[in-house]
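Below is one structure, written out as structure tokens; the observations come after it.
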Amino acid sequence: MNELALQVGQTASPEAMLFWILAPLTLAAALGMLLVKKAVHSAILMAFVMVALAVFYIAQGAPFLGIVQIVVYTGAVMMLFLFILMLVGVDSSDSLTETIRGLRPIAITAALGFGGLMVSLLGRATLGRGAVGVEEANAGGNVQGIAQLLFSTFVWPFEVVSALLITAALGAMVLAHHQRIQERPTQRQLSISRFRGDSLATAAGLPAPGVFARHNAVDVPALLPDGTAAAASINASLKARGDVLDSSRFELGTVDTSIEEEK
Amino acid sequence: MNAANYLYLSALLFTIGAVGVVLRRNAIVVFMCVELMLNAANLSFVTFSRINGDLNGQVVAFFTMVVAACEVVVGLAIIVTIYRSRRSASVDDASLLKR
Amino acid sequence: MMISNSLVYLIALPLAGAAILLLAGRRSDKWGHLLATALSASSFFVGLYQLSLMLGRPSEQRPVGQKLFEWISVGTFNIDAGLLLDQLSICFVLLITGVGTLIHIYSISYMSHDPDRRRFFAFLNLFIAAMLLLVLGDSYLNLYVGWEGVGLASYLLIGFWNQKPAYATASKKAFIMNRVGDMGLSFAIMIAFATMGTVSFTGVKAAAEQTSTAALTGIGIMLLVAATGKSAQFPLQAWLGDAMAGPTPVSALIHAATMVTAGVYLITRSNFIFDAAPTAQLLVVIVGAITLMFGALIGTAKDDIKKALAASTMSQIGYMILGAGLGPVGYAFAIMHLLTHGFFKAGMFLGAGSVMHGMNDEVNMRKYGALRKFMPITFVTFGLGYLAILGVPPFAGFYSKDMIIETAFNSGGIKGIILGSVTLLGAGITAFYMTRVMILTFTGTSRWDEEAHPHESPWLMWLPMAILAVGSVTSGYLLSHGNALVNWLSPLFESHGEHEELLSPIVVSALALAMVAIGVAVAFMKYSRNEVEAVAPTDVSIFTTIARQDLMQDHFNEAVFMRPGQVLTDVLVKTDEVVIDGAVRGIGRAALGSGASLRGLQNGFVRSYAALIFIGALALIAAIWVVVQ
């Protein structure tokens, strides 16, 4: 432990303070990610962990990585996660009851064992010398130093990684690509089919969702003149996802037709 | 302030990520936990870079980030495709192997 | 030895016929029978041509050979597919192709209403080719190929009407009982190769002198087993009666004239072995004597005309085997009886076929009677064959059968007296049952069913019968005139010292004729003077009952071979099910059980796999923790 120890001179106390404040928060956020029900909450906690890690990077003399961490992870990757969450359904939440019998105790036992063994191993590890610190390596600037290595020693992995990136981008496109089975109908064809169809009921377009004067959300079906809900007014993809509010409480039980007679 | 503390933190974050992969059912959360494990490893690399006094560890961490980004892109595309066909993002639903 | 390149045509012509007819299928229905007959006839003419060449040469240059190709060449085991035509084979070649062609002609008419006539002719041609290969092969192995070939053809033809299960069973029975004999032949070949290193006739003949008597006796007994199988001799005789399920021309050709005489050919061909192995030779005589009595006794009780004739065939082949077992003096007489028997028995079978043809395929003689007036030609030809088998001079059987009886008497000592008496008694019984057949079929009062309309057969059928009848009358005189056949065959057999004559030929002939006369008289007393019942009487003596059941041969086979075999099979099946299957299924169940218990891990949930990976990583870390202290 002592061999591995690194005394960080004058910055010791601020960094230690930073660590001891931020590290428990990071651990708590990571644990919370595990325990919260909603995926979107997990994503927020994850973003916090990543920002915290970026701070740790900068504190350890890796400002380039820290910035990249914020830009790439919190900026790009986490946004991507949130986009997908929205696509899949922001409200979708796991029930936290375990369905696979015996998995939870096994996983928790294994995790305790794993963590304990890792900590114990790290405690026993020796380097044989003191820690060096990156001040010297960062003398010409951290970005310059990394660039120096990246374009000399690691130029070949760097190129390979670029190929990997392109492949991944292509792969994502292929996976997300949706093959159109029929040709997309033109506006002209659409209007013709609307008027030549079986009934003229939809000739003027489908009814808009929302209940006039009482509710205007897109997930609430419109009411027809006789007071019943118009299922056709809801977007098909909302229906498919199941995100449709029950509109029965907005329906009119009986339509009052006595007004005309009074006149 | 002992640099090894970062290593302990890294080990604990990695363990939490692993448990998350095992226990969570939402594929997106599982993915986030995988990212957590990768980031824990990155923290170790950066710490080792500091201990050894050269920037190799930081370069490796950089590569890890690139690979992680690729993995996220492809993985999320897969999740979207699966969701499109089975209307579910639960990894338990894709358990066709036993039938 | 002389070389002739035309021998192969003897076999190739009918073989090609079989191949063409079988491959062309229904397309050859219209002309297939004509092609088959023409090819069989052309093979006969090749045989005649070879005979004319052979007659033009001095006796020591008469055998000719032809090497076809190198067949087997493994180390010291070298066998060429070769043919050998000598004085013995030419007799068989002419008998097979001559009688065969006549029966082809007969079958054109006899089978004309059968939709599968073409297939029938294909099998007939196949049989002719296989039988020719049997008698022309120059080694035991080549003979074996032909031996199996005739077995196959016989199986196919007995079961030709295999839509009837009984007929299919009969063909299977014949095939399986023949297999027993075939095993004998293969054992003989193996012993010959093991002790002499060669299986060719010339090689074995040369090596026989240096071979121990024990080995030669073994070979001889195995050859005898083979002969009993193919020639329906005791104890493998039971299949012949059932073989009558085949069409009548088949019975005439295969089960009277040619194939069943293959055993006689085999023993005669192997004369050098039997001459050097007296024990085996004695067994041959005993088998022949038993069978000739056996067949004769069965013949007395059979009401089925074809089965009566089949029993007679068995008995007559018993005579031949007995003659062949008497050693050098008997070979030529066995062959002579074989040839004359080929004529008169084939003729009588064709006559029986003609009767059946006119009687709606009725085979029960008790439902015949008085057919003489309706089928005059059949009556005359059948009658000539009848006189020939009885041995009435100057018909063929008189010469050949009396020679065997005489040789049996003169074989010396008590053995000679016993054998002579048996053959004499057999001749008497033969006279009895053949007379019975004649009386029941052709004379007396008619006992037909009402729908029967007996009529004479067309000329295509009676012409072959007439030719065979001429042969039955003349062949005996021609073959024995001036010892023609004996001198012809003598170069093949060891010269023999003369035995003292126990009885002179005149006395033997007189005795034989007396026995025949007694047999005929008894038959007349029993069947001609009393009314014959249309249904076989059931209140008969125990002996008749036994004789009707083929002297219990099937009961014997079933009790001694089939039942123990079934018990053995049952035990083996049980053993297989309990022990072997138990072990196999136990392994299977163990695998299933472990699989079922391990299947829980393979539950299809990605997360549980991830948990397993996690546990693996934990194990790895734990290992490092333990090792790195």
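Positions of Cβ are set from backbone N, Cα and C atoms, glycine also.
What TrEMBL says about a protein is an automatic prediction, not a curated fact.
For the ranges C:210-229, C:310-329, C:550-569, the feature annotated in TrEMBL as transmembrane segment maps to C:210-229.
The transmembrane segment (C:250-268) is in contact with the transmembrane segment (C:120-137), judged by 3+ CB-CB distances under 8 Å for residue pairs 6 or more apart in sequence. Through the fold, the transmembrane segment (C:416-439) approaches residues 285, 289, 292-293, 296-297, 299-300, 302, 305, 308-309, 311-312, 315-316, 318-319, 322, 326, 365, 382-383, 386, 389-391, 401, 404-405, 408-410, 502-503, 508, 511-512, 515-520, 522-524, 526-528, 532 of its own chain, all at least 6 residues removed from its boundaries and within a Cβ separation under 8 Å. If one looks beyond the transmembrane segment (C:143-162) by at least 6 residues along the same chain, the residues whose Cβ comes under 8 Å of a Cβ in the stretch are 116, 119-120, 123-124, 126-127, 129-137, 168, 170-172, 174-175, 178-179, 182, 185-186, 189, 226, 230, 242-243, 245-247, 250, 254-255, 259, 262, 266, 269. The stretch in C:6-24, C:210-229, C:374-396, C:502-524, C:609-628 that contributes the largest number of Cβ pairs under 8 Å to the transmembrane segment (C:31-51) is C:6-24. Within the chain carrying the transmembrane segment (C:210-229), a Cβ under 8 angstroms from the stretch's Cβ atoms is held by residues 147, 177-185, 187-188, 191-192, 195-196, 235-237, 262-264, 266-267, 270, 273-274, 276-277, 279-281, 283-284, 287, 321, all 6 or more beyond its ends. Each residue in the domain 'NADH-Ubiquinone oxidoreductase (complex I) chain 5 N-terminal' (C:71-121) gets a DSSP state, and the totals come to 29 helix, 13 strand, 9 coil.
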